[in-house]
Every structure is written in C-alpha cells, then in structure tokens.
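Written below as structure tokens is the structure these notes are about.
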C-alpha cells in the first residue's frame, strides 16, 4: 500500500497542480478503502488505481510531454542534488552544535583552551579531511554568507543585551578607541608595512602604498566575534569588557569607510586632500546613518510590539525581522550594518520588553542565544576550513612584520590614547586596564571576510594578504586568547561581580542618580547626570507613552525591578517544590516579624476601622511578599552560550493572574471601605492588632493540626468578603494566615465563637513567642506544625484552580 | 574685590583646598556659585537652596537640602542640624562628591568608600541615632518614588520592607523568631553595599575653569 502511494506521488509530483489535487482525492479513497477492507478488495482497488493513473497519464502526457514513453517506474531513486544545499547546511550546523556539545563535556579542556581555538582546530581537521577525500573544499567563509547570515545574529545578540549603562558612561573612551585608535592602527600598520616592503631583499617591492593602507585598515579592526568569545570566558570586570567590546562594535564604521576609500583609490592611485575631507564626511554619514537606520527600525519594532497583545506567538519574530531589516537596509547604502543592528537592538529593548509577554521575552532570549552561538561556532570552524582551502602565499617578512606591527601599534595606540583620555575621565584607567585593553584586541573573521572580498585583478597580492590576515587572526586568537586568562589572574585584574543585584543596590543606584543630579544642580553646572535626568524624564513623559501599551509606562525603574524580583522569586518558589527540598544556600530565615518595629498600631477600635482597609491591604501584600522574598544572592551573569537557568518562566502567567486579581481586589476593598460603617465586632486588643498588622502572614496558625490547605483563591475571596460583609469581621483580628483566614471553609467547623476566640488566644500566645512569618520556601517549621503552607502556596502560584474567581468576585462589585 | 581682600580670600582658599582636596580653581568656581545662591551673603540658608528651580523635579530635594545642614556631614562628629552654613561648610559637603584620585592605596580606597557611604547613610538616618530603622528606610524609598504618583506610594513600603528583610538576612543570618532587628547599622550598611562600587560612582565633575556660560540659572 505504501509503495503504491509513494508510486503515485512520484509520478504525479512531476505533473501539474490538477493532478496533485486528484492524487489527494485518490489517496484519500485508497487509504480509507485499505483501512476498512480486506486485502482482495485492496488489490482490486489497486488495479483500479492504475486505471485512473493511466488515464491521467494519458491526459497529462498529451499536454506536457507529447513523446512520453512508459518505462519501469523507479521504486527508489537517489537525487542528492535536489537537497544538496540545505542538507549540507544542516550538516555544518549539526557539526557545529555537536562540537559545542562535545567541548562542554570535557571541562578540563575548555578551562585551558578557549572554545574559539578548539573550533578553529576542528575546522582545520574538517578541511583536511575534505581535502584528503579528494573533494574541493567549499568556499565556506564566503563574504556574502558571512555578512548576511553569520554575522547579524551575533551582533544583534550583542546589541540587544548591550549593558546600556556602562556603555553610555564610557561612550567617550569607547569612541576614542574605536575611531582614533582604529585610524591610528590602520595608518601605522599600513604605513610601516609599506616601508618594510620597500626594503631590498624582501621581494615585496611591487606592493604599493594604497594596498598596504587597505591591508592595514582591514587588519587593524578589533573583531567583536573574537572578543566576545574570549572575554566571555575570562569574566573580566564590566568596565574593561565594555571598553574592548564597545570598541570592537563601533570601529565597524571606521573600517567600512577606510576599506571603501582605499579600495576605490587603489585603482586611481591618487588621493587628494578633497578625498580626505570626503572620507571624513563619509565616515560621519556611515556611522550616524547606520545608527539612524537602526534607531528608526528599533522604534518601529517597539511601536509594533505595542499591538501584539493578541498574537503573542509572533511577537519574537518582530524583534528579529525588524533588526535584520535594519541591518540589510544599512548595508544597502553601505552604511555600518553593525552599528544599525546595535542601535536597533538597544533602542527597541526597553520598550519591547515592557510590551511583550514574558514567554515571548524568553523566546527572544533563547533564539538570540541559539543563533549567535551557532553562528559563532560556524564562523570559527569555517575559519579553520578556509585556512585549509585557500591558496596561500606565505611570505615570512610580510607575515611576521604584520603580526609584530599589529601588536606594537595596538600597545602604542592604547597607551597614548589612555594618556589623553585619562585627563578627562573621572575614573582613570590604570596600567593594568590598559594592558588588558591592548591585549584584548583580538582580530577575527570580519577581517578575513573583508580580505576575501578584495578583487583579485585589482590586488594581485590578495592571496598574500589573506595568508597574513589568517596568521594574524590565529596569532591573536590562539596566543593572546589563550594567555589572557592566566594573565588576568596573574595581574589580579578585577573580575566581574557575580552576584545578582540586590534590591538594596537597586534602591541606592536610583538614589545616587537623583542625589548626583541634585548636587550637580546645586553646583550649578550641567553635568552628565543633569542631561541623563532630562533625557529620562523626556523618555518617561513622551516616548514611553507612545511605545508602551497600557499603564506600564508609568512604572519607575525601581518598581519594575521590584516586581520582576517578586515574580522571579515567586515562580522560583513554585518550581523549587514549595520548599520541601530547601536549597541550602538560603542564607537565613529572617521574617518580617524580625524587622518590624514592635510598637505598631493603635489598639483602639475606632482607629482600627478607618485603617482597616489599609491594614488589610498591607496584610495581603505582606503575605504575598513574605513568601516572595528570598534574599539569596544568585549568580546571574549573562552568558551567550548558557542561558541563565530561569526556573521562573513557567507559572508566570498564573502568577500574573494572581497579581492582577489581587490588585483588583485591593481596589474593590478600597471602594468597599467607603461603605463600611459597622465597626469590627470585637475590639482589637493591642496584641491582636499587632498580630494582624505586624505579621500579616503568619502561617503557622492551625492549632491542633487541622490541616486545611488553603485554596489561595478562596483565601483572597474570603478576604474580600470579610471586607465587604461586616458580619465576618469577627475574624479579622485573628492572625491572618492563609490557613486561618480560610474562614468560610472553617466557619461551620468552628461553630461557636468561643472556639474562634480560643483560636485567637492560641494565636496570641504565638504572637507572644514572636510570630514568625517565614520567608518563602523555608517550610520545615511550617510542616512540623502541620499547617504546611507550602503546598498551598504552591497551588497559589502555580495553579489557579478550577474555582472561577470572577463569579465569586462579582458580588463584591459595588 | 579689593587687592587686600582677594589676597585674604586666596589664603583662605589655599587653606580650604588643603582641607577639602579641591583645587583652587574648583574652590573659586564653587565660591562663585555659593555667592550666587546666597545672594552675596556670607551664609546660605535652606530657602536659598530650595529656590534652585532645577531641584524642583528631584524627588530627593528635601533630603539633599537637609544633607547640607546636617552637622554629621560637616566633618564634625556631632549630630544635629544647623540653620545656615558658610562657604566652608558648603565645601565640606561638596567634598563628599569628589572623585577618587588615580593612584590610591587600598586603605585610602576603603576610607573613601566609608566616607561616601557614610554620607548616604546619614541621609537615610534622619534621627542620627546610628541605625536606619524600617520607618526611616520606608520614608527614604517613599521619597525616592515620590514622583511616580500613586503606584510609587503603594509600592514604596513593600520595597523598603523587602530591602530591610534582605539586609537582615544578609547581615544577621538566621534569626530566632523572638529576635528583633532594630535597623541597619553603618557596618551592616557597608556590608550590603559591598558590591556597590560607590568609590567609582558617587562623584560629580567639578569644573576647573570658569564656565559662566555653562551655569544654569537659579
């Protein structure tokens, strides 16, 4: 049966659409028949099918192939060419991924040798194998492939996750290195190379000045791919990382302009002062134009993401497509594509992140990491393969002079520029810093691809250039890349702080921003804090409003940070199994009780009433919060290859739901309070008040082990109802825990108020011992006491449960 | 100014420069600003600072102004506030915002760090009792979010509480239920902001040259 179906499809696929439709019809009948009937019927059908087949063939044949002759039909045929290209691409990608997988299985290896080196070696081996097999090595690192497919993901990843703050704080230094430094390198290397080539006996006298300068401009640019690959492994401090990495990103414009300039004029031979001026203008256009193109696409992307709330699935796509469009548009005008991508990613990110769902955000993150990681792997492997493949023209003088000059010019450039920059910097660059910046100037595949682009007829020495470029790349990646890590350790260069930002730091970051702005204002000059503050306010007032949907644009950074933290901890809690298995890293168990001032609110009933809603709100918030705070310092450094384990992603939506519900509830409660006139039935004793207000989320309520696992939904609703319906207020003074608060469930159980009072007394006793609102996830004690809060909390956060809140909520709508 | 007077001020400035670490030009610039703010008086009052229009949008306006009149920030070891400050006091407060020198020893760095953090600490510790209590911390965060409208006010408390919990757990470790964490002491404060590079962050650029054009008005 299956053979026949295959047979059908093979014969029909070569024909037109009409036949295809009939085929589907035919197959349908055949299949249903076959499934429903005995073999002989199927055989009968078989012949019938052939009849049909012949008919159609006759028709089709008369139309399409007039001289069609019937021959034995090939049951199985091989058509490799048909799928060759995608198949080989897949093979390469597979190879790259497997290699990456392999390296991480051997930790000893990757701790000594950077991955980039290993990948180049793999590339060399693969290239060697292809050559041994007698095949021609494919031109894998073709410039089109490189610039249009392999490079953009890496740059987008870098731009999207660019640490804006350090980048902007050091923009002057970065620009200095990127523009002046690269220019210096290009002219120094190019000029001296030319001088060396003129020396008798080097057999290089045919090399002219302009090609030398062109070569210099190609070889002088620090490569973002190589820098990323190496710097990510050495965990250098943020300042140095952003200096070297930022330079590698921003020097693209200089390289592009120099490259086109020299390529243009090496034919003409003459460079006039006018050309220099044009070159400068061109540089401005290329860099600023690139940024403008990127920013426009970035804003478009942000604006688009404002309206995607109904089609969440394609949200991530907008990020990628707009960015790629930005890159292509910039390349179309020979603007700096890299700068366009960086600008696009950096501009869109804050707005897009506020707009898209959490899952989409995760998707964006994963995809960017995946693509950039695979691209990078492929680039290094291809570098190896291209080394084997290429025709080489090895010239000892040229190659060694290139390598030496690159090092020398880099060192002079960095030291000289730092000398100037340090006059303006407030935080000076030390000698160690300078060394790392100089030593971290790795060259990479961009240089190779640019060299590969050179026209053979215009540049007869292209092969020699390529050889020298490859040697320089190998030198920097292998020698510098492998030794930089021990050197960083040896020099005790400050490493990246591997702790997650704590909320205190976030508070003080904000605090300091405002404080410094204020001091600048008092000093009476417009410093950069002043302008930053202006920009921030402009952003908040106008741009965010346009680009961010809903109310979120109003959220200040600190609050956003806090919410994020809250959500993460909540979801982490859910994922960790509600604290049954406690992570031992939790530093402590400190409760709200421990920090809460002992003398809290008012013992008087009539004061309790106006405050009632507030206290209640507090309470809910505290219950939530206390369970959400897990003050643990976590390692949360960004790495392109390993996604930070984010156990927070799932369960997010549920939590959002909860959160929204809670907010709604609070709103309702506020509204309700306007109608509340009946005072609480029982006067609150000071202790009770304290119990209620101070430790709203004491969880160890249930005395006697009445294990009522609270349905959190019910919990909230009952809170609401107890707010709304005065009669239930009897219970308000009792310690509010999800367990004990679950009053409706228990009301009947308790029956007499005396029992309730008794319970309250018990709670009071608890309170006297010091109620402990246990931070999230530290459940041992809670479990001991029977009122295991954790499963309940888990359910609270992970499973909204079948109860349909909305219905239950309705009665409370005013 | 007459010649004799300017000689006197020069001498004074030199003295101030030695004590605060500012350069003479910076002191000159700050002095000009001081006179501008104080309307050519010898002393500066709260109203003078409050009248700076650029401060209006600053959520920390009141705290910043208070910091200038806080005795603890005037490098005197006593608590309390003063009503007016002279130029010297003004400079003393400003000197907390001087950037670190290029080559400093580890000890000096630590000292600088403590000084700068002390300034922040004093801003939070409004009653000068050496601890930041929860109430004080809450107020600080509320101020910080005071420009954020209602959302800010609602969340401020929660954020302060969360931050306080964090401090308590990082500094105290496990706490017994009946223990009470009174507030953040300065040592705790140092500890929680250990990774916060205050010495490279808390500074403003003091101009060396006279830049009348760059001045913003009052």
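Quick reminder: no glycine exception, Cβ is built from N, Cα and C everywhere.
Annotated compositional bias 'Basic and acidic residues' per TrEMBL: A:777-787, in sequence order. The compositional bias 'Acidic residues' feature in TrEMBL is assigned to A:804-814. Taken from TrEMBL, the feature domain 'Cation/H+ exchanger transmembrane' covers A:94-488. According to TrEMBL, the domain 'Sodium/hydrogen exchanger regulatory region' annotation covers A:585-688. Taken from TrEMBL, the feature region 'Disordered' covers A:750-814. According to TrEMBL, the transmembrane segment annotation covers A:12-36, A:113-133, A:145-162, A:174-196, A:208-230, A:242-262, A:277-303, A:333-352, A:373-390, A:396-422, A:434-453.
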Could you tell me whether the transmembrane segment (A:113-133) and the transmembrane segment (A:242-262) are in contact, taking contact to mean 3+ Cβ pairs under 8 Å with a sequence separation of 6 or more?
no
Who are the long-range neighbours of the transmembrane segment (A:174-196) in its own chain, taking Cβ under 8 Å and residues 6 or more past its ends?
167, 202, 204, 207-209, 212-217, 219-222, 242-243, 246-251, 253-255, 258, 283, 397-398, 401-402, 405-406, 408-410, 412-414, 416-417, 420-421, 437
Look over the recorded stretches A:208-230, A:277-303, A:333-352, A:373-390, A:434-453 and say which has the most C-beta pairs under 8 A to the transmembrane segment (A:145-162).
A:333-352
Maximum Cβ pairs under 8 Å to the transmembrane segment (A:396-422) - stretch from the list A:113-133, A:208-230, A:277-303, A:373-390, A:434-453:
A:434-453
Which stretch from A:113-133, A:208-230, A:277-303 shares the most C-beta pairs under 8 Å with the transmembrane segment (A:373-390)?
A:113-133
If you average the pLDDT over the domain 'Sodium/hydrogen exchanger regulatory region' (A:585-688), what number do you get?
49
